[in-house]
Each structure stands twice: as C-alpha cells, then as structure tokens.
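Reading through the structure tokens given below for one structure.
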Amino acid sequence: MITRSPIPLQRQAPTPSPGAWQAQLSGAIRDPRELCRRLALDERWWPGAATGHALFEVRVPEAYLARIRPGDPHDPLLRQVLPLDEESRSIPGFVTDPLEEREHTPKRGLIHKYAGRVLLIASPACAINCRYCFRRHFPYDENAPSRAQWANTLDYLHADDSIREAILSGGDPLAASDRQLGWLVEQLEAIPHLKRLRIHTRLPVVIPDRIDEALLDWLGRTRLQKVVVLHINHPNEIDEAVIDACRRLRGAGVTLLNQSVLLAGVNDDVPTLAALSERLFEADVLPYYLHVLDPVEGAAHFEIDDAAARMLVDTLRRELPGFLMPTLVREIPGEASKTPL
Ligand SMILES: *Cc1c(COP(=O)(O)O)cnc(C)c1O
Ligand code: SF4
C-alpha cells in the first residue's frame, strides 16, 4: 500500500487582535527625512521630499515600508509615497479639483453622480498618503462625520428608491472605527431598497491587520451584499499578510475587486501589469478598473498619455485571460459613468 503524506491544509494565519491596527496607523512615518533615512536614500532626495511634504504630508505605515527595497530610489512602492520636487511645478491642465466633485455633493459627505449608486465619505483620513491622489487638495477636515451629520445623508438615501448601492469611500472608509462603521451599516440596512454595500479601501493593503475580529463582526452580520474594491498598483504590494487579509474578507462573504491607477515609473509596463493581475488572483481578487491619472496638481510626473495607455492594455490583453483584464477608464466630470478609453 502506498502511504501518502496528508495534503497540507491551507496555512491559517491568526486573526489580528481588535484595534491593533490603530497603533500601526498612529505610528506611521510622517517625517520626510525619517522616510529617507529608514530607506537608506541618499541625502540628495531630502530637499525634494521636504518640498513635496509641505504640499501634502508624508504618511507611510511600517507594514508598507517593510515592502520597499532600501537604497532603491526607483522602488515602485517608494515612488507612490516619496514626495518629490516635481510636485511643486505648475503644469497646465493639472488642477486642484480635477473631478469637480464639489458640484455633486447634495449633502455633506455624499456624492451622487451615477445612477443607482451613491458615494459616502465615511472617513476623511487615509492610512497612507499616495502622491498621485486626486484628493490631495480636497477640502477635508480630519474629523469623521458625526451621527447628527449622517442623519441628513441617510434621509437622502431613504427618499430615493432608485439607489441600490451605497459606496463607502473617503479618504479611506476603513480608517473610521468599527463602532462608527458598525453603526453606519446598521442605518444603511434599514433602507429597504438598498441591496449592496461597497467599500473602496487601501487599508487592507497598507495595514493588513485592519481586517480584525471587530471589522469582521459587523461586516459578517449585514444583510447587504458586500463588495470590497481594493486599491493596489503593483504586485510587490501583495505580501502574505495581504493575502491573509483577503482570505478573512472572503470568509466573511465579501466579493473582492481591485482598481489601480496607471502610474509612470510604478506600473507602466506590460510585465508589471500582467504580474499584478496574476498576483491579485492568487489573493482571490479580480481586477476591475485601471484608471488613467486624474490631472491633479502636483502629480503630473506620474502621467502616461492616452496612446501609450491604450497600447499597454492592447498588449496586456494578449498575455492574460479575459477575467484578469482590468478595464482602462478615465473619470470625466459630468459623464454618467467612468469612460472606457
Ligand atoms: C467611481 C464612482 C462610482 C462607482 O462607479 P462604478 O463604475 O460603479 O465603479 C460611484 N460614484 C462616484 C461619485 C464615483 O466617482
Ligand atoms: S484616497 Fe486612496 S489614493 Fe488617495 S491618499 Fe488615500 S489611500 Fe491613497
């Protein structure tokens, strides 16, 4: 008789203890020089980092820092978080509110641009400050909306039965406390025509311990169907801890999607984009959108022109199964949906 060793069970990582992520969030690096020193970057990067930091502050949690190669100023993860002198240049067409969102906010913290879906700003804060972010100039205060302020927004949702999906956004909605989020989701559940809860977040990538018992508790309990859209731009962002966080989310019945931004010097080549899709699928995540950069002031050095973007995606399509292809889109103010390129 042939004896076989048992099939190894999937490695089961322990669920992080509730709230441990908050210490990681408050311990994030917020000093441009410290960022350079920790990554053994030459002093010539310091002045640029200070200039960019004055425009949009540095924020990098340790768990993300650990995935950056020290001594490499071109590391694709570092490029997403290291401020550069280029950010202070004024480039025609690059503006402070490229999406003109200020015009679509019927209630404070609510954006209703697309049919059937409303976007709710559940937390103005982020766990990481991404240099290309279109919200780098958005007029947020750092406080999460209070329950009294939510009342207005919830009235709006109750009154419009064409709304089937609530999208929690930010900043990063998962920067809010589980007490706040649990309360909010209970309010949303009470709206009979609401079917889906969507969460757009980078936190499970930046601080995987965010997906803890307290979060899984409210997320696992809701009657709403759940979609989490992660925001990952490069395969190096997906380490074992991120894969474990995705597994916990899937265990709570969440459909996982990913959106990326096409960024010069980060992911603007076919091998990187193909590796990203493959790695996402290993984490049980499907690619959703590949956004071209929103023309936000301070981010012009990340731009890829449309012709180059189309060529990249056309080549990528020959390398990947259709279900691993993200849709290349642009957000055009005033349009009724994202616009495919
Ligand atoms: C992107 C976006 C959505 C969601 O669009 P989908 O195409 O459904 O992913 C909804 N509301 C606003 C304001 C958006 O910017
Ligand atoms: S909103 Fe998203 S892209 Fe912008 S800084 Fe926050 S995590 Fe980064």
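From the backbone N, Cα and C atoms, a Cβ is placed for every residue, glycine too.
Where the annotation comes from TrEMBL, it is an automatic prediction and has not been curated.
Annotated features, as they stand in TrEMBL:
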type    : residues               : note
REGION  : 1-22                   : region 'Disordered'
DOMAIN  : 112-324                : domain 'Radical SAM core'
BINDING : Cys126, Cys130, Cys133 : [4Fe-4S] cluster binding site
MOD_RES : Lys338                 : N6-(pyridoxal phosphate)lysine
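Locations of recorded TrEMBL features on the structure.
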residue : record                         : Cβ neighbours (10 Å)
Cys126  : [4Fe-4S] cluster binding site  : 22
Cys130  : [4Fe-4S] cluster binding site  : 21
Cys133  : [4Fe-4S] cluster binding site  : 20
Lys338  : N6-(pyridoxal phosphate)lysine : 16
Those recorded positions in Cys126, Cys133, Lys338 whose CB falls under 6 A of ligand 1, listed in sequence order: Lys338
Residue among binding-site residues Cys126, Cys130, Cys133 with Cα closest to the Cα of Lys338 (N6-(pyridoxal phosphate)lysine): Cys133
DSSP-derived structure type at the residue listed as 'N6-(pyridoxal phosphate)lysine', helix or strand or else coil: coil
